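Visitor: Sharing a structure below in structure tokens format, with a few things to ask.
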Amino acid sequence: MLRVLVVEDMVIIRNGIVALLKKKYNFDVLVASNGLEAIDILNEFKVDFILTDIKMPKCDGIGLIKKIRDENLEILIVIISGYGEFEYAEKAINMGVSGYLLKPIEDSAFEKTINKILKEIEDKKKQKNILDEYKGAKEVISELGTTLLIQDAIFREIDITEFDEVKHLKGLKFSVAILNINLQNNEEKAFDYNDLNLVKYSAKKIISEMDKESNFYLIDSPNCANQIIIFFYDKDETNLENNTYKFCQSISENLKKFIKLEVSIGISDVSSKIEKKLYQQAEDYLQMRFFRNDRNVFKYNKIKTSIITDGIIERIALIEKYIQRGDLINLRLIIESLFVVNVYDVNPKCYISTILNEIIEIIIKLYGYDVYNLINSKIELSRYIYEVKDTEALVNFIVKFIEEIYEIKNIKKVNNENIPVQVKKYIEKNYSEDLSVKKLAELFNVNYSYLSAIFTKEIGESVVSYITKVRIMKAKKLLENTSADIGTIAESVGYSDLQYFYRVFKKNTQKTPMSYRNITKKVQ
């Protein structure tokens, strides 16, 4: 006899549900008035399925469902809610419930839902019987069946072709996708994303129930807790390539739509063998998420492996310089620039690993292994790339890592906030010199792009515009107050080319230097 637990705080509704169950079905019915009572009952009795209200005192339906999922209890759940409780119901649905009844409960809807639950229970029993017969048949495959065999083929490179459980895969083509749950980017969420098991349970349920043209198995990654491996197979290579990519795009969209879950997916090449290379290709291309913020699904290409160029070596040298100076602003800009590359010219995973290793080498060179190991024990730099979605988050983490070192070593950070004012004063004092943004950046030991951006933001105009403004102002004063020739005045305000001075002066005053002098002389 099946046992059902009815959880409802209103006595009249609870009694009505019990009456309906006993009238139409031969169940052992248990009752509870809230989630806490239900949990106590579950600790004492084995229950096949639960009918639960959403809004209840002490512990509501959401809390009860979360507790059941936390305990990995194989219990089917039907939720009952009123018209004004859709937000709660949506959360429950996203947590993998099997049915939904709206108050007041109609007999036909109730019967249809219970029959659906009974079919699910029967299907699970059949599946369990198959697995029970399968247990012990071969020690290597244990109770995990086909997915364990595939996992062994991928990670342990075991030849599984002779096992009966995978004979349906003989002669087919294969591809692997790695679905990475981007923990750091899930700000809008239907429930607590710290609970990875619950997140993965919900994600796999949604993926399994999607309309699909693809054949696949879902496997929890043994390498990374927030990743799910999707193993695709098909007899036709072209179909496999096209359907895999489209299906992965649909996965990304549906997880975002239904449970507000941000994911990135890397897809391997197609192979006629189940091999580790497929996983490695998918893992490589998963790192494309650091280069392309406009997409979430990345398909493997046959790419070049060139990594470090002269320009990158120069920027890595600047990283060391800025770390030593405590200049986090320029450090951030340089690190950001390292991720602005042609992603089709590099292997993304190798490139990112190389950059991280270069930064680690600099840290060890400057501060020793002890400091690096101390910080890395708290913030594991090499592992973090699996938890972030984009370059900004990765750069933030690297800078945070450096800041932790500064805390330990009592290193003072450089304050760049007054640099625009310093540059402004320098221009006003040295306008007659050969000035340019590049020379000023070198003089003040800051990044060229950073100086341009921060000066414009703080002063309200570009560096070049301000240099011109100061020079023309000084030239006007000399024209008004001296009898020096135009060439001498041009040179004294920083213009060695007289024709160029004429053009700049006229552009800014709408007059030639000579006409400006004549007008001002007449006024005087």
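Numbers run from 1 along the shown chain.
Each Cβ is built from the backbone N, Cα and C atoms, and glycine gets one as well.
What TrEMBL records for 3-118 is domain 'Response regulatory'. The annotation domain 'HTH araC/xylS-type' is assigned in TrEMBL to 421-519. The 4-aspartylphosphate annotation in TrEMBL covers Asp53.
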Visitor: Just jot down the residues in the same chain as Asp53 (4-aspartylphosphate), at least 6 apart in sequence, with C-beta under 8 A of its C-beta; none if empty.
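Guide: Those within reach of Asp53 (4-aspartylphosphate), by Cβ under 8 Å and sequence separation of 6 or more, are Val7, Glu8, Asp9, Met10, Ile13, Gly61, Ile79, Ile80, Ser81.
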Visitor: Take every residue in the domain 'HTH araC/xylS-type' (421-519), average their pLDDT values, and give the whole-number result.
Guide: 90
Visitor: As a quick check of your reading of DSSP, tell me how many residues in the domain 'HTH araC/xylS-type' (421-519) are helical, how many are strand and how many are coil.
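Guide: Counts, helix then strand then coil: 73 helix, 0 strand, 26 coil.
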Visitor: Do you know the DSSP helix, strand and coil residue counts for the domain 'Response regulatory' (3-118)?
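Guide: Going through the domain 'Response regulatory' (3-118) residue by residue, I get 58 helix, 25 strand, 33 coil.
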